Amino acid sequence: MGPRGTAHSVRAPLSWLLLLLLSLQVAVPAGALAETLLDAPRARGASSNPPSPASVVAPGTTPFEESRLPVFTLDYPHVQIPFEITLWILLASLAKIGFHLYHKLPTIVPESCLLIMVGLLLGGIIFGVDEKSPPAMKTDVFFLYLLPPIVLDAGYFMPTRPFFENFGTIFWYAVVGTLWNSIGIGVSLFGICQIEAFGLSDITLLQNLLFGSLISAVDPVAVLAVFENIHVNEQLYILVFGESLLNDAVTVVLYNLFKSFCQMKTIQTVDVFAGIANFFVVGIGGVLIGILLGFIAAFTTRFTHNIRVIEPLFVFLYSYLSYITAEMFHLSGIMAITACAMTMNKYVEENVSQKSYTTIKYFMKMLSSVSETLIFIFMGVSTVGKNHEWNWAFVCFTLAFCLIWRALGVFVLTQVINWFRTIPLTFKDQFIIAYGGLRGAICFALVFLLPATVFPRKKLFITAAIVVIFFTVFILGITIRPLVEFLDVKRSNKKQQAVSEEIHCRFFDHVKTGIEDVCGHWGHNFWRDKFKKFDDKYLRKLLIRENQPKSSIVSLYKKLEIKHAIEMAETGMISTVPSFASLNDCREEKIRKLTPGEMDEIREILSRNLYQIRQRTLSYNRHNLTADTSERQAKEILIRRRHSLRESLRKDNSSNRERRASTSTSRYLSLPKNTKLPEKLQKKKKVSNADGNSSDSDPDVGTTVLNLQPRTRRFLPDQFSKKASQAYKMEWKNEVDVGSVRVPPSVSPAPRSKDGGTQTPGLLRQPLLSKDQRFGRGREDSLTEDVPPKPPPRLVRRASEPGNRKGRLGNEKP
């Protein structure tokens with residue numbers, strides 16, 4: 001096949017996919033999306049009861065006529081819903097791949113903006129072909145299926161310590177700030193509606209307050225999609241993200257409260273107090289349900305060590321169960337799934353295996369990425385249609401009031417909260433927090449959820465909400481990166497914390513806790529220390545099993561150590577049987593057993609001070625995971641093990657050499673067995689041992705006597721061997737250099753012969769050793785003057801030095 005055929009085969013799947021998607025939308029005007037998102041129960045009823053083969057009747061025949069077996073059939077309605085859902089997910093994934101093929105595009109335009117543009121393009125194509133409104137996103141589908149994976153991913157990988165350290169500021173912005181924006185926008189819009197020239201007099205105060213509550217919701221999906229790309233510092237990121245996560249619960253509560261007030265004919269004082277009580281019940285109840293199911297999930301994973309396959313399943317089941325349970329009781333599902341995810345991250349992670357933990361991370365990232373992509377695409381698709389009503393005054397003033405009240409709320413509330421913060425928020429931080437108030441899918445879903453019977457101007461609310469969403473996502477989302485660079489806002493530090501830094505941080509935590517305890521101040525350090533003690537004493541013992549799973553690196557290290565111990569025992573390097581002499585001196589000692597309290601204390605000390613294998617995720621990223629540090633840890637552990645093996649082998653070899661190479665047992669290997677040494681050498685050996693420093697006790701003496709290192713083997717003539725030894729005896733510091741030959745001061749240099757040799761060898765000494773060998777140990781100083789005329793032996797067993805790893809034979813290199 002030529003190049004043209006190859007290119008055609010590559011382009012064919014994409015073209016067929018687009019043609020198939022468009023043909024399905026044209027052939028089925030209602031669309032599976034309409035049945036799935038707009039009329040899901042009817043679609044489920046139709047798909048769950050397919051026509052049986054017996055009831056299928058061919059066209060043009062009566063029920064009594066016999067039908068023949070067809071060769072090829074097409075039953076698209078039977079697979080319509082899952083088929084189109086698969087195509088939409090595939091299209092969204094291909095769109096994300098296409099965006100990231102050009103690396104500079106996601107840095108200029110956020111991914112959420114590109115996905116909305118794709119949705120607008122598809123919605124325009126569907127609207128132009130069918131001349132009908134494209135299928136809109138049903139709110140139940142958004143709240144029950146698309147939103148939970150995103151919130152679960154955000155809560156599971158949220159840095160818990162910065163979140164709780166800034167919890168007061170986050171709660172202040174989320175609760176008081178949302179009330180500020182909702183009431184301010186609602187009252188301001190009601191004032192605009194009182195102007196008769198705008199034609200908005202039919203919109204009441206409660207309807208404006210309801211619209212203000214839903215339009216003031218800062219969306220975590222939009223915030224994550226934008227803020228993860230600009231890499232602001234961790235404190236600023238956690239403030240904006242935490243506010244967007246918590247104010248959703250406040251927004252939903254206010255939305256339901258004002259919606260109920262709008263449907264009432266008369267509002268009494270009891271209803272107002274009931275609404276305030278409902279506000280606290282919804283938020284606190286959702287948190288309690290999430291924590292409870294998180295504890296149950298951790299307790300369940302204590303018993304999954306024999307069935308590792310189902311460990312990731314419990315994480316997703318319990319988290320989704322917390323969300324739908326909270327929604328069933330009309331509590332905050334977002335708060336429930338966030339609390340459940342943070343609880344499971346602390347306890348479930350300790351029980352599951354490393355492979356299960358990796359599966360949980362990747363599957364959670366995949367679900368959140370797909371859900372986020374579908375949300376933004378459906379926002380673009382649902383925008384195109386006929387369900388809009390335009391009013392310049394209402395739309396423009398809504399956008400202006402959203403920006404004004406957001407900025408005023410951040411600046412006013414920050415001035416109050418800075419009185420209680422150790423590190424106050426600067427003007428740049430306040431500006432970025434106000435600028436990062438992005439609206440998104442939650443506002444879009446809530447405005448579509450309004451009943452048309454109670455709100456006759458629903459289309460106007462939809463149009464105004466879409467304008468605010470598109471302005472914040474496109475204009476603010478695109479310009480926030482250059483604005484952060486222009487203001488020189490502190491960025492996040494991607495450098496991983498070193499061990500010394502972590503130790504010092506823990507040390508300062510304990511110091512600050514002690515200072516707060518002495519001063520009687522109950523700060524966050526005090527409460528963190530109290531919770532840690534309670535956690536170690538009760539919760540961890542109940543929720544985490546004792547034999548915690550270890551990393552594969554630890555398992556490998558354990559196997560290597562066991563193998564090394566077995567090899568040492570088999571080769572006899574470790575003697576497990578004591579000698580009879582040692583048994584005579586052995587005293588029976590009773591070993592006291594440790595109490596359970598002492599064992600717990602030892603475990604606590606080891607758990608605090610030992611090297612931790614699994615590293616926690618310090619920074620959050622939407623689509624990518626942090627680099628795995630197992631390779632670096634494996635390298636570090638293997639280096640430590642090799643070092644320990646070298647130390648053990650060095651000690652064993654040195655001790656064996658010391659026992660074998662003592663001065664009393666050393667002999668010349670070149671001589672026959674049982675051959676006695678000359679008397680003078682034996683006297684010299686006795687003198688060296690008589691000094692009280694034998695080679696066994698003092699290695700330097702043994703080395704001086706018998707450490708005959710390799711040297712140039714030149715056999716001296718008999719007539720000047722004695723004089724040459726006298727030259728060796730002289731000290732090197734009294735020598736002078738003559739050319740390349742060292743001559744003692746009392747000896748004049750002899751003339752050289754033609755062949756380069758010396759004419760009077762008795763008056764000149766040529767060193768037989770190199771400079772390094774001569775000045776290394778000073779072995780020649782200990783030789784005697786009377787050397788036998790025989791040449792020195794070639795192979796000699798030398799006395800070993802502790803820690804010296806040189807060879808034992810004389811012909812080895814030093």
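FYI, residue positions are counted from 1 along the chain as it appears here.
Just so you know, glycine gets a Cβ as well, placed from its N, Cα and C.
Swiss-Prot lists 647-661, 771-782, 798-814 with the feature compositional bias 'Basic and acidic residues'. If you look up Swiss-Prot, you'll see 740-751 marked as compositional bias 'Low complexity'. Positions annotated as region 'Disordered' by Swiss-Prot: 647-710, 740-814. Residues or ranges marked as transmembrane segment by Swiss-Prot on the basis of sequence analysis: 108-128, 139-159, 170-190, 210-230, 238-258, 279-299, 309-329, 362-382, 393-413, 431-451, 460-480.
Long-range contacts of the transmembrane segment (210-230) within the same chain, counting only residues at least 6 positions beyond its ends with a Cβ under 8 Å from a Cβ of the stretch, are 106-107, 110-112, 147, 150-151, 154, 178, 181-187, 189, 237, 240-241, 243-245, 247-248, 251, 254-255, 258-259, 262, 372, 375-376, 398, 402, 405-406, 436-443, 446-447, 450, 461, 464-465, 468, 472-473, 477, 480-481, 484, 620-622. Just going by CB pairs under 8 A, the stretch in 139-159, 170-190, 362-382, 393-413 that sits most against the transmembrane segment (108-128) is 362-382. Highest Cβ pair count under 8 Å relative to the transmembrane segment (139-159), across stretches 279-299, 362-382, 431-451: 362-382. Between the transmembrane segment (393-413) and the transmembrane segment (362-382), fewer than three CB pairs separated by 6 or more residues in sequence fall under 8 Å, so the two stretches do not touch. If you count C-beta pairs under 8 angstroms between the transmembrane segment (431-451) and each of 170-190, 362-382, 460-480, the highest count goes to 460-480. Through the fold, the transmembrane segment (460-480) approaches residues 108-110, 112-113, 116, 211, 214-215, 222, 225-226, 230, 379, 383, 387-391, 394-395, 398-399, 402, 432, 435-440, 443-444, 447-448, 450 of its own chain, all at least 6 residues removed from its boundaries and within a Cβ separation under 8 Å.
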